[in-house]
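> Quick one: this structure, given as structure tokens, is what I'll be asking you about.
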There are 2 protein chains.
Amino acid sequence: MALMKSWVASANSPNTDFPLNNLPYGVFSCGNDTMPRCGVAIGDMIFDLFKAESDGLLGDLAPVFDVPYWNDFMALGPDAWAGLRATLMDLLKDGAEERPDYLVAQSDVRMVLPFQVAEYTDFYASKDHATNVGTMFRGPENALPPNWLSIPIGYNGRASSVVVSGTDVRRPWGQIKGPDDDLPRFEPCKRFDLELEFGAIVGQPSDGPVTVAEADAMIFGYVLLNDWSARDIQAWEYQPLGPFQAKATATTISPWIVTKEALEPFRTATPDRERDLLPYLQEPGPMLYDIDLDVALAPDGGPETVLSRTNYSVMYYSSAQQLAHHTTSGCPMRVGDLLGSGTISGPQKHQRGALLELTWGGKEPVTLDGGEIRTFLEDGDTLTLRGAAKGDGYRVGFGDCAGKVLAAFAAPYSR
Amino acid sequence: MALMKSWVASANSPNTDFPLNNLPYGVFSCGNDTMPRCGVAIGDMIFDLFKAESDGLLGDLAPVFDVPYWNDFMALGPDAWAGLRATLMDLLKDGAEERPDYLVAQSDVRMVLPFQVAEYTDFYASKDHATNVGTMFRGPENALPPNWLSIPIGYNGRASSVVVSGTDVRRPWGQIKGPDDDLPRFEPCKRFDLELEFGAIVGQPSDGPVTVAEADAMIFGYVLLNDWSARDIQAWEYQPLGPFQAKATATTISPWIVTKEALEPFRTATPDRERDLLPYLQEPGPMLYDIDLDVALAPDGGPETVLSRTNYSVMYYSSAQQLAHHTTSGCPMRVGDLLGSGTISGPQKHQRGALLELTWGGKEPVTLDGGEIRTFLEDGDTLTLRGAAKGDGYRVGFGDCAGKVLAAFAAPYSR
């Protein structure tokens, strides 16, 4: 597919994340607004959907943009999703009536969380990541758990921890026991890390098990996701019931929900199975996407260094498979549930999506372009995830997923 | 403390769960109501708070009972909590103006979830339970994990799974691998179990670490909680990231929130520490409660057998300690968060709070009063948790926390 032209000039650049082909959904706040508004990114502008709906440009949709989140629209279902996309294509395409009054410059707004996160689940679906982490935490002989090739392993995370790109992240305190300590101490995390992930947003509810095809149809769109991780807290706490406080400080998502429709041209299949999947997990078609991803780190006031370059297509399980598995027990899924893919690491060293893997548990520090050395994150570091699917002369991007690390409180209760 | 008399005669029985001393909060639905209403249990009646608020009986509270859940009231904070309790004491005490128009018989209503569950976290705070389960899952040498005496171990559960007492629970499907199987099968759970727990409801938010005393002040009240558990699914899935689908089918809570104020006379200390706790977990006063608990099982159409009798005071960590630990990472807590205590098992066999422990993994079946034998739950079984703090001639009870097991779907997608 080629670039689709818009009357918004900046949307026609081959370098924009937001051509007409994309039309991702966010929520923005302009200075003195009483309420943030839903909008769609087009080039370096935002088309104001609150105003468009108020003025009757969106047809006979129920009012769903009188709230500062996309949940009400998601709840309308796939026909409404397709309908709005078609309407927006007509409104914004080259040759359509130009409506500059509906545009706001992205540089003039602050983005807020695009949806109310109902619940957040995090998975563990990159085989290279699972193997690397397993080797470090449990040794090479126990690296990949016996269930890993059968189950899209996941755990429930904390929805209240989800923040939008641009939100500072304060280094956590926690219980930490070093390898030479008899007992844990309560102190600030010393091995604070990122995890490069892809987040799927559930746009339709379920109240019983669903197939992979049904699960795919329930997904509204995708965001980039940084699952900030306190490795020293994690190592001591995670047995036997899994990660808890190590993952609860913050989870940053990109501000724009890229819809499933926008990603359709980039569908790609999961890798060959090393063990046959049970039928309920088998995919009726390609369920991953070919999306280039990278992770960049900038020290306070310093230049940015790209730490990792990978692609979402390396994952062993798709979001649709993860969602289908999530429903097997009868677990009700709700509009606004967020599923993290798990850290996206490829087989090569430069494709690893976490410092834990890039520095092999801190043993192999990385040198940044400005000369600084990192094993884990330092205060003042800004982490930025970026991603885009690359078409013929255009890209479907997500916008930056960024966060800066603040120093821990001097004492945990001195906030 | 002695029984406090009410003009509602049934509240003066020494056997009622709901004397004036208690005043627990729920939400009830009467047949054709358009919206369920908040109410307070008094004897075998409910005092209608929607009507009381509408008629101005509750003073200058903001309208908080025009919604079918207690979250809006909880958000008002501890002064409002104390104020409403004092108002209700005055309205319902012996000698006050009798207002039968505000009463509805409990037998005439259906109870619904008393609050919107923001997020649900489950802990693991009974040392006997952790030791028993650890012995069965990992062997006696690894029974109690090394972190257990330092951390109130917890994991995030699934809020969407929480249902009110009386809701049927359908046996789940899941991935199950028997000890002699090479690979898992996808089939209905064969080891479906209960867990007797106590649930704490967070009534005030936090956005950074809180002390144990602050955590205690954030707790609005308590419910009984049955953490339905699929043991065969759990055994195969839980390594390395913890329980997931094994715990996501349903979590039943009792319909009445017993307030912290009602339980004040029954506070009791946690047991002696076998290892000094880190200072952030040390308690400024008694934070457990002396509450007798039992678990009863009734086969379909058969008599009820009490399987277990224990007491909440056996726990090693209190809800306030668990909540304080939950905030260490900066994890934001929200109004309506629910914290499960973990299975409440005492040191004696009849004090065990799950069939897994009572039947030692199915090896020691229990015989019910009607002669039937159980290792795990059978279709048609009704499980009922009950609990009460016992005062001088009165009890502060929770009402039944009950659920009936339905047969699994013939195939998971045939619902």
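Cβ atoms here come from the backbone N, Cα and C positions, even for glycine.
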> Of B:Thr34, B:Thr327, B:Thr328, B:Thr343, which one shares the substrate site with B:Tyr124, B:Arg138, B:Gln234, B:Tyr238 in TrEMBL?
B:Thr343
> Taking TrEMBL at its word that B:Lys247, B:Thr251 bind Mg(2+), choose the one of B:Asp227, B:Asp232 listed for that site.
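TrEMBL names B:Asp227 for this Mg(2+) site.
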> Which candidate from B:Asp122, B:Asp128, B:Asp300 does TrEMBL annotate alongside B:Glu195, B:Glu197, B:Asp227 at the Ca(2+) binding site?
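TrEMBL names B:Asp122 for this Ca(2+) site.
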> Over the domain 'Fumarylacetoacetase-like C-terminal' (B:120-387), what does the predicted model average in pLDDT?
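Summarising the domain 'Fumarylacetoacetase-like C-terminal' (B:120-387) by its mean pLDDT gives 97.
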> Quick one: what's DSSP say for B:Tyr124 (substrate binding site), helix, strand or coil?
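Its secondary structure by DSSP: coil.
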> Quick one: which of these binding-site residues, B:Tyr124, B:Arg138, B:Gln234, B:Tyr238, B:Thr343, have their CA within 10 A of B:Glu195 (Ca(2+) binding site)?
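B:Thr343, listed in sequence order.
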> Measuring CA to CA, name the entry from the binding-site residues B:Asp122, B:Glu197, B:Asp227, B:Lys247 that ends up nearest B:Gln234 (substrate binding site).
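Its closest listed neighbour, by Cα, is B:Lys247.
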> Under 8 Å Cβ-Cβ to anything in chain A: which of these recorded positions pass, B:His129, B:Glu195, B:Glu197, B:Asp227, B:Thr343?
none
> If you measure B:Thr251 (Mg(2+) binding site) to B:Tyr238 (substrate binding site) at Cα, how many Å is it?
18
> According to DSSP, how is the domain 'Fumarylacetoacetase N-terminal' (B:21-114) divided among helix, strand and coil residues?
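Tallying H, G and I as helix, E and B as strand, the rest coil: 31 helix, 22 strand, 41 coil.
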> Going by C-alpha positions, which of the binding-site residues (B:Tyr124, B:Arg138, B:Tyr238, B:Thr343) is nearest B:Asp227 (Ca(2+) binding site)?
B:Thr343
